[in-house]
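Engineer: I have a structure here, written as structure tokens, and I will follow up with some questions on it.
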Amino acid sequence: MEAKEEEPDKADGKKGSIAGAVALIIGTSIGSGILALPQKASPAGVLPSSISLIICWAFLLIEALLIIEINVGLRRKKGMMEEGSELEVISVRTMAQETLGNWGGTLATVTYVFLGYTSMIAYSSKSGEILFHLINLPESVSGFLFTGIFTILISVGGTQATDQVNQWLTISMIGLLIAIEVVAVVFGGWSGLEGSGNWSKVPATIPVMIFSLVYHDIAPVLCAYLGSDLARLRASVFIGSLVPLLALLVWDAIAIGLSAQADQIVDPVELLMGVKWGGIPFMVEAFSLLAVGTSMIGTLLGFSEFFKEQLKNLSWNSSLIQVPDRSSGVTNWWERNKTNFTAMAMVITPTLLVSTTVPDAFSAATDIAGGYCMTMLYGVLPPAMAWALHTTDSDHKALKGAKAAVFGVGLFACGIVVEQILQDFLALQF
């Protein structure tokens, strides 16, 4: 234990790999938001939307680095070490409660739960829509089955199996995205970038951009997965977030470039589906399904770990420690896994209930998640937690030298929330 105190930058257990962490970040970022981005960004134009994407990426990168600094600091303070295949995760709620007090924990809990459900509803709803186009299975049934497959993967397969599946899905998704972009340029008649764009349309695109780039819900999981190794965490966050940014910039430019040639305002993704080469519709649908699937894995992991942390604090979970020797194998198995399955059921039951009964849940969920939940939870709260931690704990030298950056990103996040409120208020007026 003394060695750990002397070397605070040393990891408490090098459990996972940078490749696995990067794949998880990429898969979580490149999700259903990329499908909604071109339609939202096309009124603004390529240049304004591209610059806005880069600004949002830099903003979210700083926020992610703040989250891992705070999370790792709390893990070391609690002396948490990873043993076996189970990850011991400190949730955003615990981070907020430890740094901001009870009010911070309550705010983080309410916001995170709302965000988790809106994100899962968006993914489940979109997967049903995509599968309906591919195999003509009713959307409600398709979304239910798709969500069920990933639920079983995480619940039964565990972290290691999920990590391997996610890496393969992410590689396939990136390969398909590159192929689609090449085919769109070659067969779609894309003529390049035109015009200077409309900067006044940029604010309306910010929520979808944040939704398309965010990966912060898995940051606490990554801290446990990489054994609190700050060097590997920083490298993973930078590389893992840079790949989706580059992919989104190219995707956005091609899709908007194609829509500029249309006589009327249409969804650029629909234009991609109608290019001359007949294989493009299947490629777009397959990519869309992979994008939703990898995002669902990240959200399911983070959201279920959040509920597991809460359940472990309840008295009914104490039986996990005292399992009678004479109990049957099934009873022992249930006692070991009941927290995992209960947490997963708490995630997917409301998700499936809403996604299978509410039409067009995808569009509404992405706007709510990006405009309010993500901005509040991963925009406003991290700087507030970092500032509070700096004032109460002088050991966090990394945060001490970044007061200006912390203040700046906090102000930027508050501005996004206010802008979204004004946008929604004006929309209700007209």
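In case you wondered, yes, glycine gets a Cβ from its N, Cα and C as well.
Automatic prediction, not curation, is the source of TrEMBL annotations.
This is the feature table in TrEMBL:
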- 18-38: transmembrane segment (TRANSMEM)
- 50-72: transmembrane segment (TRANSMEM)
- 103-124: transmembrane segment (TRANSMEM)
- 130-156: transmembrane segment (TRANSMEM)
- 168-190: transmembrane segment (TRANSMEM)
- 202-225: transmembrane segment (TRANSMEM)
- 237-260: transmembrane segment (TRANSMEM)
- 280-303: transmembrane segment (TRANSMEM)
- 341-362: transmembrane segment (TRANSMEM)
- 368-389: transmembrane segment (TRANSMEM)
- 401-422: transmembrane segment (TRANSMEM)
Engineer: Are there residues at least 6 beyond the ends of the transmembrane segment (18-38) whose Cβ is under 8 Å from a Cβ of it, and what are they?
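Structural biologist: That would be 122-123, 126, 163, 166-167, 169-171, 173-174, 177, 205, 208-209, 211-215, 217-218, 221-222, 225-226, 232-233, 235-237, 239-241, 243-244, 247-248, 251-252, 255-256, 259, 267-269, 288, 291-292, 294-299, 301, 362-363, 366, 370.
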Engineer: Counting Cβ pairs under 8 Å that sit 6 or more residues apart, are there three or more between the transmembrane segment (50-72) and the transmembrane segment (368-389)?
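Structural biologist: Stretch pair touches.
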Engineer: Verify whether three or more Cβ pairs under 8 angstroms connect the transmembrane segment (168-190) with the transmembrane segment (237-260), leaving out any pair fewer than 6 apart in sequence.
Structural biologist: yes
Engineer: Would you kindly check 103-124, 130-156, 202-225, 280-303, 401-422 and say which stretch has the most C-beta pairs under 8 angstroms to the transmembrane segment (168-190)?
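Structural biologist: Result: 280-303.
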Engineer: Residues sitting near the transmembrane segment (202-225): Cβ under 8 Å, six or more positions beyond its termini, same chain?
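Structural biologist: Here the qualifying positions are 15-16, 20-21, 24-25, 28-31, 33-34, 36-37, 40-41, 43-44, 48-49, 52-53, 56-57, 60, 63-64, 67-68, 71-72, 75, 80, 82, 87-92, 95, 112, 115-116, 119, 159, 233, 236-237, 240-241, 244-245, 248, 298-299, 301-303, 305, 366-367, 369-371, 374-375, 377-379, 416, 419-420, 423.
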Engineer: Excluding the flanking five residues on each side, which residues at least 6 beyond the ends of the transmembrane segment (103-124) place their CB within less than 8 Å of a CB in that stretch?
Structural biologist: 31-32, 91-97, 143-144, 146-147, 217, 292, 295-296, 299-300, 302-303, 306, 347-348, 350-352, 354-356, 358, 361-362, 365-366, 368-369, 373-374, 376-377, 381, 384-385, 388
Engineer: Which bits of the chain, at least 6 residues beyond where the transmembrane segment (130-156) starts or stops, bring a Cβ under 8 A of a Cβ in it?
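Structural biologist: Answer is 120, 123-124, 162, 165, 282, 285-286, 288-289, 292-293, 296-297, 300-301, 304, 337, 340-341, 344, 347-348, 351-352, 355-357.
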Engineer: What same-chain residues lie close to the transmembrane segment (401-422): Cβ under 8 Å, and 6 or more beyond its ends?
Structural biologist: 59, 62-63, 66, 203, 206-207, 210, 371-372, 375-376, 379-380, 382-384, 386-387, 390
